[in-house]
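Here's the structure, in structure tokens; my notes come after.
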Amino acid sequence: MTRYLLRRLLQAVGVLWAAYTATFLILWALPGDPVRILAGSDATDLSDAQLDALRHELGLDRPLWLQYVDGIGQVLRGDLGRSIGSGRPVADLLAAALPSTLQITALGIVLAVLGGTGVAIAATLTRSRVLARVLLALPPVGVAVPGFWFGLLLIQWFSFQLRWLPALGDKTWTAAILPSIALALPSGAAIAQLLSKSLATTLREPYVDAVWAKGAGRFRVHFAHALRNAALPALTYTGVIVGGLLSGTVVTETVFSRSGIGRLTATAVTAQDIPIVQGVVLFAALVFVVVSLVVDLLYPLLDPRIRLAGQRSRDRARAAAGARGSASAPSSARAAHSHTELETTGVRP
Amino acid sequence: MSATTQQDLAGISTGSEASADVADTASAPLLEVDRLAVHYRGRDGGVIEAVREVSLSIAPGETLAVVGESGSGKSTTAQAIVQLLAPGARIAAGSLRFRGEDLATASRRRLRQLRGVGIGFVPQDPTVSLDPVKRIGAQVAETLLIHGLADRRSAPARAVESLGRAGLPDPELQATRYPHELSGGMRQRVLIAIAIAAEPPLIVADEPTSALDVTVQRQILDQLDRLRAAGTALLLITHDLGVAADRADRILVLSEGRVVEEGSPAQILGSPRHEYTRRLIAAAPSIAAQRGSGLERHRLPVATLAALTTGGVGDPFVERTGARASERPGEPRHEGAPGADAAAGFDEILRLEGVTKAFPLPRSLGGGEQLAVDDVTLAVPRAGTLAIVGESGSGKSTTARIALRLEPADAGRVLLDGVDVSAARGGELRRLRRRVQLVHQNPYAALNPRWSVETIVTDPLAAHGLGTRRQRRDRAAALLDAVALPSRALTRRAAELSGGQRQRVAIARALALGPELLVLDEPVSALDVSIQAQVLALLADLQAELGVSYLFISHDLAVVRQIADTVAVLQRGRLVEQGDVDTVFSSPVADYTRELLAAIPGTRFAGPADGSSRSGTGPSGTGPSGTSPSHATPPDAIPASDTPGASR
């Protein structure tokens with residue numbers, strides 16, 4: 001376990017370095033001059049000498065490699081640099097923006113997981129075909145609805161017409177509800193799609209038939225057996241969603257005028273405020289690294305066949321191959337068998 | 001009805017020792033299926049009649065075997081009895097009476113009460129029939145918990161007890177493990193433990209052993225025999241007439257959804273009345289286990305043979321096919337190629353010398369290494385067949401992969417035609433691939449389902465850049481002809497073909513490059529017996545006509561006896577016996593070989609083909625097999641032969 005964590009930690013450092021380097025190169029290659037943008041409308045009034053002085057002050061006139069090495073050194077010391085625009089430390093800006101994003105992300109994820117799981121389970125659990133079809137038609141709609149439009153609709157209904165909730169801002173807790181719902185809709189819909197598909201596949205597995213044959217009812221079949229087996233893909237995807245939401249939800253934060261990470265990113269990109277953009281990218285990379293580690297640590301709790309603890313990758317491949325080998329001969333024979341049935345009579349195996 | 005009186009007798013006789021539950025309803029057959037018909041909705045909206053008219057009846061404590069090939073409706077019948085038909089299937093007619101109660105019209109609630117307690121179900125494939133994320137003990141205890149037969153505190157102990165009764169060694173430990181930590185045979189025992197946990201009077205077992213090795217199969221069937229001795233009735237679904245003959249009181253033969261014949265094992269095997277039964281018996285390798293027996297010989301058309309063996313001037317395929325002659329003058333023969341062991345008294349195409357292969361074990365199992373193949377030396381006779389026999393995990397597939405140079409050996413040499421090819425690389429290895437080809441076990445997975453047969457068969461030719469498009473197409477036609485497929489099959493897609501047809505295509509593909517040696521990895525184990533017999537006959541023909549040599553991997557000794565010249569028996573990576581096939585079968589030297597031979601089902605009526613007697617392992621253990629049909633019948637049950645078709 002410790003070995004595994006150490007290896008993952010090393011990987012995380014690699015990911016962070018790659019993210020920093022890639023952003024650095026991309027920002028450098030982008031057209032546009034941050035100094036001119038910084039000077040804004042005054043830029044035309046400033047002489048080239050003045051612009052050069054500003055460049056020098058910001059360290060932008062140094063050779064590229066030096067800027068890169070310096071930047072890395074700063075990050076290693078925990079210093080993300082200062083915003084070109086405001087001069088405030090990037091770390092402070094991130095810390096200030098984080099709570100607002102955290103609020104709606106946390107609530108949004110909870111709603112998405114509950115809603116998505118609920119719809120998926122209800123759709124496979126119900127005996128009514130009509131209800132199942134209606135429920136299964138919902139997720140694609142949820143995925144397709146544009147976030148900003150749905151956000152505006154929410155504001156229109158709940159703030160302007162019903163006057164239940166505040167429309168904008170992030171001063172109060174209640175202001176987080178509408179943006180959370182806006183975030184939860186596409187995420188929850190995606191979770192519902194994945195989980196219902198995975199549940200349907202799982203429910204066709206022979207071991208589910210074996211559970212029915214014990215005399216189990218549908219609730220036991222679903223909650224004691226199928227759900228846990230079907231949860232892996234949905235868990236993986238939930239991890240991706242959490243990462244995506246935490247590292248900034250530009251559209252939702254803009255629509256609801258919240259000053260979170262997403263807004264910070266949007267502003268920084270427009271202004272070519274390189275230190276901020278780099279800070280945000282590093283933060284996002286960190287979030288993803290942590291989230292995927294958490295998800296990977298959850299896997300073996302859900303499925304005992306997945307093992308982590310400090311295995312050499314070769315071992316793991318071997319074990320996987322072995323597991324496949326031992327399972328594949330009979331199971332492929334089974335596949336072949338049921339197939340033959342299908343061939344000769346067209347019967348569903 | 002005469003059947004009723006007989007079931008009366010059976011019921012009374014077993015009732016004395018069985019539970020009061022059984023005695024209550026002993027006046028009727030335990031299960032009576034009357035003119036059952038099950039229909040499926042086809043993909044094109046049509047109706048498929050999987051079961052047309054099946055009637056059967058089981059008395060308490062009786063074992064009834066339902067035999068048939070894929071598509072005969074036997075599994076559908078079993079699913080109908082436990083009311084677990086696939087979606088899209090419905091019972092179109094008939095009734096299924098369990099203790100007089102019709103299951104077809106029973107409510108969901110009532111079915112839930114009956115499943116597990118009234119009817120236990122043992123599913124087909126142990127590797128996919130246990131919930132992978134739950135511990136064994138919990139899965140066995142579940143049946144008891146569902147029906148309120150135990151509470152959370154007493155259930156674990158009862159589960160362990162049930163595992164013990166199912167013959168699982170060390171049940172306390174196994175109960176705490178997960179399914180993937182158990183072997184296939186152990187998992188099948190777990191499934192039996194689940195089925196018997198609530199001690200139901202009837203167990204429906206759907207091909208309970210077809211995914212298992214013969215020796216394990218025997219142990220599982222012995223275990224089921226023991227249950228029967230305790231008064232449990234068993235409906236045994238199987239494709240293996242040998243298994244049915246060994247274990248059942250009565251046999252029901254199903255074909256295309258209808259019962260074609262019913263009777264005692266002695267009647268069915270001794271004097272089959274129906275043509276289909278006769279065909280099934282003729283095709284069953286376990287019963288007709290003689291080399292070449294049951295294999296009808298055909299000669300290839302002269303033109304086909306000519307197209308495959310000799311090439312005209314400019315024939316792009318001629319190099320290899322022309323060079324297949326037994327003498328290869330340009331090639332230096334390797335010193336020491338003729339081995340000293342007994343099996344090397346012939347001209348050999350392939351020789352493995354002291355081949356060893358180890359795989360690292362997972363750290364969680366203590367690390368270290370597992371010897372998959374341990375110092376194996378064997379030889380394939382030219383234009384003959386060497387069969388490697390062994391159970392799963394014996395290293396036979398790894399040996400085949402080493403012979404194919406798909407897997408490097410840790411030690412030892414691979415000699416093809418006397419030349420050491422163990423170190424061949426790059427172009428040399430590619431040339432080697434033309435001489436040694438593989439046919440996989442599973443014809444469903446080995447062919448790209450979206451490719452046309454022509455593309456599949458010509459793929460190796462294209463990969464080696466041989467011939468023009470047109471020449472390749474002509475060769476594909478000749479190859480299809482050789483494997484007895486019509487040339488119009490060239491334009492079909494693999495997905496449209498049946499299993500037997502697919503395996504023919506796979507053989508045609510393997511022959512495309514004119515190889516000297518075919519490695520056949522369980523080539524017929526995924527096929528029905530009658531198809532199996534056809535493919536084996538085809539292989540024998542091709543060998544006779546083309547002179548190609550076979551390295552034939554199989555777990556099925558009966559099949560081996562039909563096809564092989566020499567046989568090598570592997571056990572846990574070690575070669576325990578090697579020799580001429582008739583010698584090995586008639587006078588096996590190694591204990592393990594004897595054990596394997598004794599485990600072949602169907603010896604009860606085929607006579608002692610293996611020359612050894614079956615050693616019983618339990619109260620109902622099968623003694624030396626004569627023709628007595630009641631050797632495994634509980635003494636208090638009526639003789640099986642007295643029970644005619646109850647409801648036909």
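Using the three backbone atoms N, Cα and C, a Cβ is placed for every residue, glycine included.
As stated in TrEMBL, the feature transmembrane segment covers range A:234-256 out of the listed A:50-72, A:234-256. Taking residue pairs at least 6 apart in sequence, the transmembrane segment (A:276-302) and the transmembrane segment (A:12-30) share three or more C-beta contacts under 8 angstroms. Counting same-chain residues at least six beyond the ends of the transmembrane segment (A:276-302), those with a Cβ under 8 angstroms from any Cβ of the stretch are 8, 11-12, 15-16, 19-20, 23-24, 27, 71, 75, 80-81, 83-85, 90-91, 93-94, 228, 231-232, 235-236, 238-240, 242-243, 246-248, 261, 264-265, 267-269, 308. Of the candidate ranges A:102-123, A:135-160, A:234-256, A:102-123 contributes the most Cβ pairs within a distance under 8 Å of the transmembrane segment (A:172-195). When Cβ-Cβ distances below 8 Å are used as the criterion, the transmembrane segment (A:102-123) is approached by residues 131-132, 135-136, 138-139, 170, 173, 176-177, 179-185, 187-192, 195-196, 199, 222, 227, 234, 238, 241-242, 245-246, 249, 252-253, 258, 260 of the same chain, each at least six residues removed from its ends.
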